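> To start, I am sharing the structure in question, which I have written as structure tokens.
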Amino acid sequence: MNHWIVAPIVLPAILAPFIIMVLRYHLDLQRIFSVAGVVGLLGIALTITAQAAGGDIHVYELGNWPAPFGIVLVLDRLSAMMVLLTALLALPIVLYAIASGWDERGNHFHPLFQFQLMGVCGAFLTGDAFNLFVFFEVLLIASYGLMTHGGGAVRLKAGVQYVTYNLLGSTLFLFALGTIYSVTGTLNMADLALRVAEIPPEDTALLRVGAVLLLLVFCIKAAVLPLHFWLPASYANAPLPVAALFAIMTKVGAYSILRVYTLVFGPDVPVSHGLVGDWLQPAALVTLAIGSIGILGTQHIARMVAFCAIASMGTLLVAISLFTEVATAAALYYVYHSTLATALLFLVADLVMQRRSGVIGPRPPMPQNGLIATLFFVGAIAMAGMPPLSGFIGKLLVLDAARNAPDATAIWAVVLIGSFVTIVGLARAGSLIFWKSHDASTQDDPTPEAETAPEDADPAPPPPPEPQPGLAFTSVFGLVAGLVLLTLFAGPALDYTRATAAQLFAPEQYISAVLGGDD
Amino acid sequence: MEALVASAVGVLTAAGIFLILRRRTFPVILGLSLLTYAVNVFLFATGRLAVNAPAVLNKYEDVPYTDPLPQALVLTAIVISFGMTAVIVMIALGAYLSAKDDHIDMSARDSVDDAGEDA
């Protein structure tokens, strides 16, 4: 068996308790081990992506129990690329959290961070529906700790809402799994795919209920519209580097939709024919619309970025809900783009909020205004889908994939108008935050400002301490570099996502790899 | 017995949902607990109800047995929901002690802007 598959789960799972138990009082060592762990995870992710790129599906039987009886981890192109994305996202964020001092504002940031990575990687790799639930819980319970990291009344209240919403989601998940199990008698995804295909269409009422409940759960995670209420308050009140990491969590929902509704309840299976696409697509379009309107309407930079996350999930799910190979390839490219762009904007929002209030409105100028403004506009261009960066390519691919869809007009209209509204909203926020500040300074505050020397020459409102601004900017620029690379190497990336989509829409290979038992 | 178990799940779920829609954290947490009880009983029933049957196969004679998998699932679900309830109680306590207020909704001022940071 190929033991690399379990490594992305085992590494953080060992590192996190080690940090808690041994390095509890040594912040420097915690930081070193946490960064080393993320670098190691990146190395593992690159290795397994190289292994999966060939098109083979690798199966790892936990405890060596054969497939329908034991739990399996399955490595195919999709899980490999999602694990790689997790590692790529985690590295700049952990560096940023260290540089900005967020990790010392409360206890146990680094162990929780590692547990979060463990849960996310596990959710991407598992081939068992109940195990997916367990990894959801692992990532959620770590996220509860990270979300309330640093404390404060508002953050804790937002945390209560977030936990309540997600506990409801977990309960629903269990109801869905129970319903599906009671009909099929299995929870292994490959085995489920076989059983579901065998059930005669007139006998599937309960199974359809289970499938819809499961879709609801994934839609809660993915913040699809009627179920998105938890996201803005949670993300905006979480520590913003953590919110940047949470950019991957909505993608876990999208991944699960893609996995379950291509493999188990595929578009060709009579049970679920027309069940998912018909419901998901309008919901995704409304999500995109409301996200864009939220960007325009909000008064706070963190909430604005949270609505950016909702809007980009809308675009992503529009592509996923088409359930065609071309659209899925586009969606997978867009997953990479939107995760990196959302994380970038959250980190920029944190840079802003470390120096001034996050309210979108004129305030006295902050140190390093020009540099942060540049980063904000790079992020905004990427998020809105303007030409130079990968957002443009991603949205172009989604629109192109939707060209022959029955609702092509609606999709094109919503995506294009949504992008336009996003541009207006981000431009408004950017000009109010970064340009009006100079107006405010000339009117209210006549003292000469030291714009480029933040540390030694403090202006009248002393900026909060920022231990290593160089490292913070480096990690933000790392995300920018990721977006630029994604744009430059769009061709190879698309080749990979097309191959991934082809693999997803040929589930026989997955099923025979899991149930064949020859590994 | 099926009717009894089904109505128990139904009543627990209904009561749980009613409590979750309250505005203070204590009833909401109680509601969450009731919901997790409901889902645990529900999961237990997904393996079909069998009375006085062992959860193992007997290879020597053909005796009735009950499906062991839902029992394992329920065990996992109980542990997880127990842990989660403990976490939400702690977070809710922290929120109550720091905000002096146990309403679960956030006022408009809270959610849009940290007024303290702005002042």
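In case you wondered, yes, glycine gets a Cβ from its N, Cα and C as well.
As annotated by TrEMBL, compositional bias 'Acidic residues' applies to A:446-458. The feature compositional bias 'Pro residues' is assigned by TrEMBL to A:459-468. What TrEMBL lists as domain 'NADH:quinone oxidoreductase/Mrp antiporter transmembrane' is A:128-418. According to TrEMBL, the region 'Disordered' annotation covers A:439-468. Positions annotated as transmembrane segment by TrEMBL: A:6-25, A:32-53, A:78-99, A:120-142, A:162-184, A:205-231, A:279-297, A:304-324, A:330-349, A:370-389, A:409-427, A:471-490.
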> Taking residues 6+ outside the transmembrane segment (A:162-184), which of them lie with a CB under 8 Å of any CB in it?
129-130, 133, 136-137, 140, 144, 147, 191-192, 195-196, 199, 204, 206-207, 209-211, 213-214, 216-217, 220-221, 229-230, 233-234
> Quickly jot the same-chain residues contacting the transmembrane segment (A:370-389) by Cβ under 8 Å, restricted to those at least six beyond its ends, or write none.
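Non-local partners: 308, 312, 337-338, 340-342, 344-345, 348, 351-352, 355, 395, 419, 422-423, 426-427, 430, 433-435, 451-452, 473, 476-477, 480, 483-484, 487.
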> Could you check if the transmembrane segment (A:120-142) is in contact with the transmembrane segment (A:471-490), meaning 3+ Cβ pairs under 8 Å among residue pairs at least 6 apart in sequence?
no
> How about the transmembrane segment (A:471-490) and the transmembrane segment (A:330-349): do they have 3 or more C-beta pairs under 8 A, pairs 6 or more apart in sequence?
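By the criterion, they touch.
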> Quickly jot the same-chain residues contacting the transmembrane segment (A:78-99) by Cβ under 8 Å, restricted to those at least six beyond its ends, or write none.
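For the transmembrane segment (A:78-99), the sequence-distant neighbours (Cβ-Cβ under 8 Å, at least 6 residues beyond its ends) are 8, 31, 34-35, 38-39, 41-42, 44-46, 48-49, 51-53, 109-110, 113, 117, 120-121, 124-125, 239, 241-242, 244-245, 247-248, 251, 255, 258-259, 332, 335-336, 339-340, 343, 347, 350, 466-472, 474-476, 478-479, 482, 496-497, 500, 503-504.
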> Report, as numbers and ranges, which residues of the same chain sit near the transmembrane segment (A:409-427): CB under 8 Å and 6 or more residues beyond its ends.
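Same-chain residues near the transmembrane segment (A:409-427) but 6 or more away: 281, 285, 288-289, 291-293, 295-297, 304, 308, 311, 314-315, 318, 380, 383-386, 395, 398-399, 402.
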